[in-house]
Amino acid sequence: MVKIGVLGLQGAVREHVKSVEASGAEAVVVKRIEQLEEIDGLILPGGESTTMRRLIDKYAFMEPLRTFAKSGKPMFGTCAGMILLAKTLIGYEEAHIGAMDITVERNAFGRQKDSFEAALSIEGVGEDFVGVFIRAPYVVEVADNVEVLSKHGNRMVAVRQDQFLAASFHPELTDDHRVTAYFVEMVKEAKMKKVV
């Protein structure tokens, strides 16, 4: 069974754990740097990206997260997690982890009161996935090596680049675990490649 970590500094941690377990993988809440070595993949949950960055800096997680990103192990960023993975953020000089060749705009769908749900078609996942958008970012631009998995209107809301997956919405806030299951499969495939 693959072990999937959920960065446990802030955000919808418990919901991600439930979704990982429902997808047939073992979930580990990552609160210490050394736990990164024990896991096969990592979820960066939604939350408030500036608060999350402050906590990442406080607990000296940034370099270990960048090292993890270079290790070939899959990472999945949802909402604020997408912001952490992006190489370019509109209105900001520097990226956070900066692992994905995407440009992201923060709070692009508006403030908290503008939160909404939308039925999405997601490549590799299926139709009618209910995306929960809460002060969500979206992808403005992608490099050629990034696959766009889903759009809401003309806005890119789910993307994949090699072992990295990012979504504007919160897949863990519904009982539909297909997006998490898709990531679990990515982790299994990456682990199999390492064995071979």
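Using the three backbone atoms N, Cα and C, a Cβ is placed for every residue, glycine included.
Quantities reported herein were computed from a predicted structural model and do not represent experimental measurements.
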**Request:** Kindly point out which candidate in Arg14, Arg106, Arg178 is recorded by Swiss-Prot as part of the L-glutamine site with Gly47, Glu48, Ser49, Ile134, Arg135.
**Result:** Arg106
**Asked** Which are the residues of the chain, Gly47, Glu48, Ser49, Arg106, Ile134, Arg135 excluded, whose CB is within 8 A of where the CB atoms of the L-glutamine site average out, their centroid?
**Response** Gly46, Cys79, Ala80, Ile83, Asn107, Ala136, Pro137
**Prompt:** Max Cα distance spanning Gly47, Glu48, Ser49, Arg106, Ile134, Arg135 (L-glutamine binders), Å?
**Reply:** 12
